[in-house]
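Features reported for this protein in TrEMBL:
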DOMAIN    B:146-569  domain 'Aminoacyl-transfer RNA synthetases class-II family profile'
BINDING   B:179, B:225, B:454, B:495  L-aspartate binding site
REGION    B:203-206  region 'Aspartate'
BINDING   B:225, B:226, B:227, B:234, B:488, B:540, B:541, B:542, B:543  ATP binding site
């Protein structure tokens with residue numbers, strides 16, 4: 001007889017409430033905790049939806065009571081019983097008003113003492129958690145993270161589907177990309193010496209789907225990148241990938257902000273007002289020193305370059321008078337007293353991390369201006385600068401003078417760091433923002449050439465097309481990012497859809513015509529046969545769910561993540577293979593001496 | 001200015017009807033065909049949803065008319081105009097009642113003459129279709145296939161989600177499986193000499209998710225198998241993968257037949273009655289010679305072994321008197337006249353393909369019995385056998401005498417082949433069936449050991465547990481397949497959930513304890529900590545959609561398939577990589593001499 005025979009589950013532990021009083025229920029789940037009080041055994045029984053209390057009473061059923069005494073932690077059980085109101089309620093759990101008076105108990109499986117506790121706040125090492133991931137995932141927090149992730153993908157799929165998008169799967173076994181360093185490679189057995197590349201994104205395929213008239217495509221797609229796993233990256237990650245034909249920038253932004261709004265409202269009951277603000281890249285840098293500004297707080301950058309040209313302070317003056325350099329400051333309004341000298345030094349360290357040589361500061365205290373640099377200024381110049389930053393009693397002003405890039409980076413990060421230290425980041429605030437008009441190119445100092453800031457398929461803005469030939473660094477792209485509280489949720493662009501423009505782009509990026517055709521010939525060829533204008537966007541699903549779940553790492557929302565050495569501590573992947581398999585692939589391992 | 005500016009699409013070409021008469025519409029799409037009648041140009045304009053006729057009239061707008069004369073095949077255009085009723089309607093197309101009188105035309109992109117025609121019945125080579133897949137996918141049939149595929153996955157996701165299943169992604173970069181020959185391998189850069197394996201299925205991970213209490217899991221999962229691509233296989237394919245905790249066989253069958261029923265009703269408007277029939281493996285073999293019987297027609301197998309023991313015909317007699325051999329026949333009722341000698345020889349060739357030495361036959365014609373074997377029988381024996389098959393005038397009886405396996409295989413395939421030749425397979429009939437109680441093991445003659453018929457994680461039937469030690473070949477498994485019209489849609493099982501039974505199973509399959517722990521240690525370990533009873537199923541999505549779309553190959557429902565050499569003719573994947581990349585991976589290509 002099957003161990004499940006005759007026991008039909010009626011619902012989940014975590015769903016029972018006062019409304020179920022008097023009902024006979026059948027529950028299946030795990031023993032969270034068991035307390036033997038001599039003539040009565042209380043068991044906290046857990047399933048995906050929560051915990052409820054089961055009572056085994058010696059005076060009612062002697063055999064059942066004795067059997068319940070056997071139960072250990074994480075035993076798997078089926079219980080039949082009647083729901084009744086608890087004498088002493090427990091307001092700390094959802095089902096604290098009720099308990100189930102057991103009339104039948106079936107032990108479905110036993111458990112050895114688990115190596116980690118099944119509770120949210122168990123402080124064990126990350127590695128142990130990942131080795132016993134199947135136990136770690138039993139924690140209520142983890143179960144909720146995956147229920148949330150599922151909800152988000154369902155909302156996305158239904159929303160896009162309702163809006164005419166078709167989900168189409170693109171290949172995982174693709175072609176290695178030209179700058180292959182970041183591709184995972186898969187040796188082909190049938191085509192010896194050749195390799196598939198795992199996709200870093202479905203970019204080319206989704207553009208081809210637009211060429212093929214699929215009109216609106218999406219995919220929740222696995223992507224792969226073989227890079228060093230600093231900063232909470234994973235070798236495989238998931239994108240919400242979209243592409244639309246016959247659109248301009250605002251069409252994409254409109255449909256995607258509605259999607260995010262729906263996700264926030266249906267998962268967190270957070271309602272945002274639409275449209276979400278649009279801000280150009282230039283404005284984002286000027287005001288926040290970042291292309292993904294956190295707009296939940298102020299401390300905006302102020303440009304004092306003009307005033308610094310003859311201010312008397314050599315460091316400011318020399319920066320203010322050089323091209324591509326500037327002097328900017330932020331005002332930590334009202335927080336003068338929150339930063340000691342030591343505190344300011346800590347902020348300066350942040351600035352230095354991003355290349356600044358120092359962080360100049362002016363405190364405006366009850367007693368007046370305190371500052372190591374004030375002595376270099378005339379009183380008038382000092383006042384001009386303070387006024388420019390709207391400095392008042394109680395404020396702390398911070399300055400960096402350097403190359404623009406360094407100034408933005410340093411002050412942008414000091415701004416965030418200060419806000420974190422002041423604990424003024426409201427985690428219940430959801431400040432969404434579109435950043436637009438990104439530069440088309442970045443100049444790569446090492447390679448001494450332009451590289452695409454988004455990717456080589458991004459269309460320049462029409463009004464900047466002529467600058468392609470004269471001043472590429474000034475060309476703005478039809479590219480956009482969606483930003484939430486200072487984190488990039490996703491980005492995309494309107495694409496080039498014309499063979500000639502695409503070839504010109506490759507040329508500007510340093511590909512010869514031959515190289516371009518060798519590497520992207522199929523796309524350039526496709527563009528000849530009636531390619532519609534198109535554009536799209538991709539969101540990082542892992543990061544989005546992490547933010548919604550208020551978690552610190554994407555590993556909390558990936559069921560079986562790899563560790564920082566790209567190893568799965570549970571299965572020990574990657575693993576060894578045998579020589580026969582390698583021979584079939586015509587490859588060999590090169591041992592290092 | 002963006003080329004799309006000021007043109008807001010109002011809908012799709014294929015959606016217009018008489019209800020839209022008088023409306024101003026903006027359409028975007030491709031020039032399917034253009035006919036210049038001198039003072040009027042008719043353009044068939046196509047988008048994802050269909051085709052409609054656009055009219056450019058010289059007498060109304062001279063400039064527009066001249067511009068429309070430029071239009072070539074596959075030009076991408078935007079058209080504004082008024083919908084009006086056609087003077088001469090075209091009943092062959094959906095929008096044949098209307099046309100759009102153009103007031104504005106924008107040429108969004110031109111097209112060179114495409115290398116293949118954009119029409120369903122264009123007879124070009126498979127390779128050319130795949131090289132220009134982006135054009136091939138413009139064909140209405142292909143567009144509909146992918147719209148259908150999208151619908152099916154949406155129905156599946158919403159159905160499972162509504163029934164408490166959570167979609168959880170499992171890793172693509174997994175551990176190579178022990179019998180690694182069919183795994184695609186991915187060399188690890190960080191862990192030199194080690195390889196990830198791409199999953200053939202998420203089997204182990206989904207079982208671990210049950211151990212982790214996720215309760216009900218699903219995933220529409222990419223799977224990979226590096227095998228020779230005969231018989232319409234692809235290196236990567238997609239499964240609808242499900243697993244449930246606390247279930248016995250019928251729980252799984254119930255929920256899955258409801259899913260399939262929903263798919264059939266919502267995509268094809270086909271309503272099937274539930275529950276779908278259940279049939280044991282033994283009955284399926286006995287009646288249809290197949291574990292995936294097509295029950296749309298009769299011609300069932302009849303066992304005449306008992307009657308053949310002393311029938312007088314040596315071939316029958318010797319098979320009938322040996323163990324594991326039998327004599328069986330089928331009656332092609334009423335189709336005697338449809339098979340000439342040559343026709344019967346063709347059927348015999350089918351039987352021989354599956355190992356039979358011949359196909360004995362008896363025709364019952366107007367003139368009486370004709371048969372090359374009847375002379376060997378006494379009249380009484382002949383009548384007994386004919387009666388057993390319910391032979392009557394007009395029937396053709398076919399027999400095979402051999403080992404059971406050969407008899408089933410040969411007659412099972414002759415049965416299908418005959419039905420195909422007779423064209424009696426009703427393609428509007430959807431005969432669903434569950435086949436249950438599969439054997440746990442098959443004996444592998446080559447390896448001289450038992451192998452798992454489903455996989456090593458399948459639970460034996462409780463009543464057969466003791467046979468594990470005494471007679472493994474008789475053990476039936478808690479395994480099941482869903483079959484549609486003779487094609488396996490999916491299969492699954494209730495799993496072993498106990499360390500000891502799982503170890504015993506590995507042992508029976510020829511693994512030493514050490515090997516078993518080395519290879520599946522993490523699963524055996526997991527089973528110790530409270531594993532719930534669980535089971536699941538996986539459906540082949542590609543094949544399911546292929547059947548629903550009435551296509552002959554899964555390549556018709558995969559956007560960018562590989563060819564029979566595992567090459568993508570569009571992108572030329574797999575491709576070469578550079579030595580630097582290989583060096584980083586510490587591998588080298590071994591050149592064959």
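Cβ atoms are placed via backbone N, Cα and C, with glycine included.
Overlay of TrEMBL annotations on the structure.
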residue: B:225; record: L-aspartate binding site; Cβ within 10 Å: 17
residue: B:227; record: ATP binding site; Cβ within 10 Å: 14
residue: B:454; record: L-aspartate binding site; Cβ within 10 Å: 20
residue: B:488; record: ATP binding site; Cβ within 10 Å: 15
residue: B:495; record: L-aspartate binding site; Cβ within 10 Å: 24
residue: B:541; record: ATP binding site; Cβ within 10 Å: 26
residue: B:543; record: ATP binding site; Cβ within 10 Å: 19
Roughly how many Å lie between the Cα atoms of residue B:495 (L-aspartate binding site) and residue B:543 (ATP binding site), rounded to a whole value? 25
Sort residue B:454 (L-aspartate binding site) into helix, strand or coil using the DSSP assignment. coil
Could you state the CA-to-CA distance between residue B:227 (ATP binding site) and residue B:454 (L-aspartate binding site) to the nearest Å? 18
For the ATP site as recorded (B:225, B:226, B:227, B:234, B:488, B:540, B:541, B:542, B:543), determine the largest distance between any two Cα atoms, in Å, rounded to the nearest integer. 21
Rounded Cα-Cα span from residue B:454 (L-aspartate binding site) to residue B:541 (ATP binding site), Å: 19
Alpha-carbon spacing, residue B:488 (ATP binding site) to residue B:454 (L-aspartate binding site), which is rounded to whole Å: 13
Residue B:543 (ATP binding site) versus residue B:454 (L-aspartate binding site) - Cα distance in angstrom: 19
Secondary structure split (DSSP) over the region 'Aspartate' (B:203-206) reads 4 helix, 0 strand, 0 coil
Rounded to an integer, what is the Cα-Cα distance in Å between residue B:225 (L-aspartate binding site) and residue B:543 (ATP binding site)? 16
